[in-house]
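Quick look at what Swiss-Prot annotates:
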DISULFID  Cys7-Cys27  disulfide bond
DISULFID  Cys13-Cys32  disulfide bond
DISULFID  Cys17-Cys34  disulfide bond
REGION    25-32  region 'Interaction with Ca(2+)-activated K(+) channels'
Amino acid sequence: VGIPVSCKHSGQCIKPCKDAGMRFGKCMNRKCDCTPK
């Protein structure tokens, strides 16, 4: 699930994904892509 959070590497997406109620994420096309629970 893409969220509107810009990133440079996947480590930056851990907290935004948790804040969005999802598990973890990776950085794709400079945006965070989270895995739903």
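Just so you know, the numbers here start at 1 and follow the chain as drawn.
Note: Cβ is positioned from N, Cα and C throughout, glycine not excepted.
These figures come from a predicted structure and were not determined experimentally.
Among residues of the same chain six or more beyond the region 'Interaction with Ca(2+)-activated K(+) channels' (25-32), those with a C-beta under 8 A of the stretch's C-beta atoms are 2-10, 12-14, 16-17.
Per-residue pLDDT, averaged along the region 'Interaction with Ca(2+)-activated K(+) channels' (25-32), amounts to 96 for this model.
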